[in-house]
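Encoded as structure tokens, the structure appears first; notes follow it.
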Amino acid sequence: MGDSIFTCCYVPPHPPGEGDPPGSRSRRSEITMASNSANISSDKRFLIFFDFDETIVDETSDDMVVQAAPGQHLPDWLKDTYQPGRYNEYMQRVLAYLAEQGVTESDIRSIMEKIPASPGMLTLLQFLRTRPPQDFEVVLLSDANSFFIESWLRRAGARQIFHRVFSNPATFNKDGRLVMRPFHSHDCARCPNNMCKQVVVRDYVARRTQERGRPYQRIFYVGDGANDFCPALALGPRDVAFPRRDFPMHRLITETHEAIPGDFKAVTVPWASGEEVVQRLRRLVAE
């Protein structure tokens, strides 16, 4: 990926503790957002959210980490433990299995660092980095985990572009195992049980609007997956959804337009390359 643009330390969201009372995970994530957002400059004109897997990077990081397993595949007994809506719990078992097989922190980081960026994405990140500081507040929102994301962003030199990163907390314990926890709990039937991105987007926008004393001129969301459709539903008619062309988010938006016209309010700009996002952003910031 070339030389780093920057290197910046990453502080993941505080993980929910063992034995937290019901509902405390959601509350904890709200507290984290509040404590982390107050030091962002209040003069930003636009807020832009990014997904990570198959949006910033051109693969799914959870799939890529399997390359560290013996024979670069998982045993059937482990794959058979997956239950719909509980992928986060499944990945916790996968990470435990990798540790049992002797996979190290360095092994996992090396795999993450080698994941290619999606087409044109480094151009888009460079565009955001070089804009005047009052233009964009940039947030990464992913159902991957903090260690995978931190590893890639630091290697790409892109960590400093992101004012906030919200993902499932993951840290190595004293035994060298990567331990991942769910980001929060929620009541959305559309999303996996560990993360509803719409809840995060709504909470973050409300918090930041209160801190700033005014709304953003526009909000943008760049994503690809079905779990990126849910937060995009929270966007308004002046906002822009950037779904990756022909990926699940794009298909769901198209189906919604056809089935319930007007239900999806944001302007929709599909992309195959991040350069297409840059072109639209250039026009919007000039208005």
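Every residue gets a Cβ built from N, Cα and C, even glycine.
On a predicted model such as this, the values are computed, not experimentally measured, just so you know.
For reference, TrEMBL has these:
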- Asp51: active site, nucleophile (ACT_SITE)
- Asp51, Asp53, Asp224: Mg(2+) binding site (BINDING)
- Asp53: active site, proton donor (ACT_SITE)
- Asp62, Asp143: substrate binding site (BINDING)
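The residues near the Mg(2+) site, meaning same-chain residues not in Asp51, Asp53, Asp224 whose C-beta sits within 8 angstroms of the mean position of the site's C-beta atoms, are Phe52, Glu54, Thr55, Ile56, Thr60, Ser142, Gly223, Gly225, Asp228, Arg244, Phe247, in sequence order. All protein chains shown were included, and the count of other CB atoms within 10 Å of the CB of Asp62 (substrate binding site) stands at 18. In this view, Asp143 (substrate binding site) is surrounded by 25 other Cβ atoms within 10 Å of its Cβ, with every protein chain counted. Of all Cβ atoms in the protein chains displayed, 25 besides its own lie within 10 Å of the Cβ of Asp224 (Mg(2+) binding site).
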